[in-house]
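Following: one structure in structure tokens, then a few remarks.
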């Protein structure tokens, strides 16, 4: 198999969702609609939280950060994906592929950690309400967000630098609709089994640990909620936590299935379907799950609309 020294001028080819270009027009229309809905939903949620003082709480501060991440997340993949639907070449430069990989890993890691912090916020609010103003002060919340961004950026930088210094072979056809580490490894000319262990450890640390923390937090929250005497308090707490758990489960289960499996078990077709769920569907659903099932957000929307 022919190998070559790569440089910033070398291109990759993104196969896309369907290798032979079937349904391009339908997919372009569908992806464009989902992209517009995701942007409008997340922008609306960010503006509501910014404009309504009743939403100036730690929970909504984290939610605004989640919406910002989701807007950037879907913007990292969809514009290039949509452009490739209309293009004959479907090429992406070496540098463009590296940047896309780095940004996608950074945003994915940040969202994984942020969802964990959001569950911690709900745990403190429901299980230790008297300590909430101290444990969830604005300084602590900002430190959490900064920690999520910085740690995920460092992790993404290390993986991106390592992967893109490896020798790539052959036609450099990436059997995916964007540049992602698992889809790039099959193009590498040397054994990557040791590096795959590193990917597994990173996936467990950034994805599985926060997910387990979320499950543990909500198990404790459920016990406390069931002990409440107020039916109204129970329904409100369950509604808030169930919305968060729905989003978290969709995101973590799909990303874990991609980043914790060895290369030999990956299927390009399945990987692309799973990637659609965590890179496109989740950013679309997040603002609606949090807003339509949240009376405070809906109240803020009504107030802003007069």
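Cβ coordinates are placed from backbone N, Cα and C, and glycine is handled just like the others.
Per TrEMBL, domain 'G-protein coupled receptors family 1 profile' is recorded for 41-290.
Here the transmembrane segment (26-48) has long-range neighbours at 17-18, 55, 63-64, 67-68, 70-71, 74-75, 78-79, 81-82, 85-86, 280-281, 283-284, 286-288, 290-291, 297, 300-301, 304, meaning same-chain residues at least 6 beyond its ends whose C-beta is under 8 angstroms from one of its own. What TrEMBL records for 26-48 (among others) is transmembrane segment.
Within the chain carrying the transmembrane segment (60-79), a Cβ under 8 angstroms from the stretch's Cβ atoms is held by residues 31, 34-35, 38-39, 42-43, 45-46, 49-50, 100, 103-104, 107-108, 110-111, 114-115, 117-118, 121, 138, 141, 144-145, 177-178, 279-280, 282-284, 286-287, 290, 296, all 6 or more beyond its ends. TrEMBL lists 60-79 (among others) with the feature transmembrane segment.
Among the features that TrEMBL reports, transmembrane segment is placed at 91-120 (among others). Same-chain residues lying 6+ beyond the ends of the transmembrane segment (91-120) with a Cβ under 8 Å from its Cβ atoms: 6-14, 59, 62-63, 65-66, 69-70, 72-73, 76-77, 80, 144-145, 147-149, 151-153, 155-157, 159-160, 163-164, 174, 178-181, 184, 206-207, 209-211, 213-214, 217-218, 244, 247-248, 251-252, 255, 278-279.
If you look at the transmembrane segment (140-164), the same-chain residues 6 or more away from its ends with a CB under 8 A from one of its CBs are 6, 58, 61-62, 65, 94, 97-98, 101-110, 112-114, 117, 181, 184-185, 188, 195, 198-199, 202, 206. The transmembrane segment annotation in TrEMBL covers 140-164 (among others).
Annotation comment: TrEMBL describes 200-225 (among others) as transmembrane segment. Sequence-remote contacts of a segment are chain residues at least 6 beyond its ends whose Cβ falls under 8 Å from one of its Cβ atoms, and for the transmembrane segment (200-225) they are 109, 112-113, 115-116, 119-120, 122-123, 126-127, 152, 155, 159, 233-234, 237-238, 241, 244-245, 248, 252, 255-256, 259-260, 262.
Annotation source TrEMBL lists transmembrane segment at 237-253 (among others). Through the fold, the transmembrane segment (237-253) approaches residues 59, 111-112, 115, 118-119, 122, 126, 207-208, 210-211, 214, 218, 221-222, 225, 228, 277-278, 281-282, 285-286, 289-290, 293-294 of its own chain, all at least 6 residues removed from its boundaries and within a Cβ separation under 8 Å.
According to TrEMBL, the transmembrane segment annotation covers 273-292 (among others).
Tertiary proximity for the transmembrane segment (273-292) is limited to same-chain residues at least six positions away from its ends with a CB under 8 Å from its CB atoms, namely 17, 31, 34-35, 37-38, 41-42, 44-45, 63, 66-67, 70-71, 73-74, 77-78, 104, 108, 176-178, 180, 243-244, 246-247, 250-251, 254-255, 257-258, 298, 301.
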